[in-house]
């Protein structure tokens, strides 16, 4: 359990690159549809090479042929309906605000538990609510200065992403069981989400033409840091505890660490303003919630 928590925290560090780089591309005028699609286009050859031996890829293709519709559906949900809305939200909010709002996925993951035949873990729900309380405090000052569109539209996008990511991830874990490794499963999901990303690239090409070189290079960095490294770390962490929904909820809660890393990256790289005293209180509550949540569950 402790190893899974550490993997979850390290994955949150690399996931933070998503929010900082997406906001950077948005501020420079990049089309969010390109930003979202390019990440997964770059991820595909990276994961292909990472798998190495042909026999490992053959096992993925065999698993896909056994249930192609399920693979296409849950890969599109877990990656497509997660990442496109999250990327679009960067056009309307700062990197740390998006990262903090994204933590609603903690509650989403817990609320999805009954879909997998288990009761909602009430203790984890309580401590996850503590994390969300910290998130609310973190962004109160920012919310006071936003218009209805600036606050509601990105929130709806993030809500969609927050439920899609754990739903797609868990459905795929149930589908493949122990037949595939974490790397194989992620590769298969990226591959099966390609039809969705091809549609996104078509829309982006019609609306804004080809992406600039700077957007392509930053999308490559997102693919490497967040798409490959962070995703594999997080999926490995969830795989370690996949038979215990309470512990799985704890691992998903470690993603609140993204707020701290994104805040640091936004301030240093994008010149984002430092949060107020109230926001710092929120940060401390988030950190406290992560540790209490993690150590309140017995392995």
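Glycine residues also receive a Cβ, built from the backbone N, Cα and C atoms like all the rest.
Here is what TrEMBL says about this protein:
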type: TRANSMEM; residues: 32-51; note: transmembrane segment
type: TRANSMEM; residues: 63-84; note: transmembrane segment
type: TRANSMEM; residues: 96-117; note: transmembrane segment
type: TRANSMEM; residues: 124-140; note: transmembrane segment
type: TRANSMEM; residues: 152-168; note: transmembrane segment
type: TRANSMEM; residues: 189-210; note: transmembrane segment
type: TRANSMEM; residues: 216-235; note: transmembrane segment
type: TRANSMEM; residues: 247-270; note: transmembrane segment
type: TRANSMEM; residues: 276-295; note: transmembrane segment
Self-check item: Segment proximity, the transmembrane segment (189-210) to the transmembrane segment (124-140), 3 or more C-beta pairs under 8 Å
Solution: no
Quiz prompt | Per Cβ pairs under 8 Å, the stretch of 32-51, 96-117, 152-168, 216-235, 247-270 packing most closely against the transmembrane segment (189-210) | solution = 32-51
Quiz item: What residues in the same chain, six or more past the boundaries of the transmembrane segment (247-270), come closer than 8 Å to it by Cβ-Cβ distance?
Solution: 1, 4-5, 7-9, 11-13, 15-17, 19-20, 23-24, 27, 94-96, 98-100, 102-103, 105-106, 109-110, 113, 121, 124-125, 127-128, 131, 134-135, 138, 166, 170, 234, 237-238, 240-241, 283, 286-287, 289-290, 293-294, 297, 299
Practice problem: Report, as numbers and ranges, which residues of the same chain sit near the transmembrane segment (152-168): CB under 8 Å and 6 or more residues beyond its ends. | Solution: 74-83, 85-86, 88-89, 92-93, 98, 101-102, 104-105, 107-109, 112, 115, 189, 252
Practice problem: Using a Cβ cut-off of under 8 Å, list the residues of the same chain at least 6 residues beyond the transmembrane segment (216-235) that approach it. | Solution: 7-8, 10-18, 21-22, 24-25, 30, 34-35, 38-43, 46-47, 50, 169, 182-183, 185-186, 251, 255
